């Protein structure tokens, strides 16, 4: 088996421009964000959080909101790190995490929160979705043996080649969403052997130890979330039973009061 499946207002300086993929297909190469410009001052975590709340101002259940806020803070620092590069595999990893965390919400609510979240980071939600979908479709046509970097291959192989090239040049900025994206590609290609993960990770120039660590951490987050959802489900069911019991007792009391008043009404 593989390892695991499954945020002081800024000064008036220009914000980093989001990496936008072509309208069809996926981004053909990673797009570096100019965070090193001498006159650029990245927004603070508070700014990013405020943008998210402005983009989606409806209440979010605490079990989801806590995880979302933690992810937003982590991704803020990824987004504004000096070597940050948008990559479709990174997008696939994030979309996979997001969908699993908020799977219990309606598609409409998930979509609205997703747009607010990605926009708060100065990026394009549609690009994330489009690139993730394109990679999933392309990966379905691959096998573990053909899941390799290839600048002349399909969308997945080209995206892997971009990471491998950046890694070789020492400019690739690894993060846990890349690890999850790589793992998701292995799932889609039908990989079953643990060695497939190590082979793919080494092929793109990423340390297997870092990937394994992040996947285990991700598995832990999902386990905690699942436990929290179960507690909430039990709480809701318990409250429903109590409410039903209260209503039954109220109905019984009303019925008893009605029967006691009946003889008097007859005599009258």
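Just so you know, glycine gets a Cβ as well, placed from its N, Cα and C.
In TrEMBL, annotation is done automatically, which means it is predicted and not curated.
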Annotated region 'Disordered' segment (source TrEMBL; candidates 205-236, 237-268): 237-268
The compositional bias 'Basic and acidic residues' (237-250): DSSP-derived helix, strand, coil residue counts: 14 helix, 0 strand, 0 coil
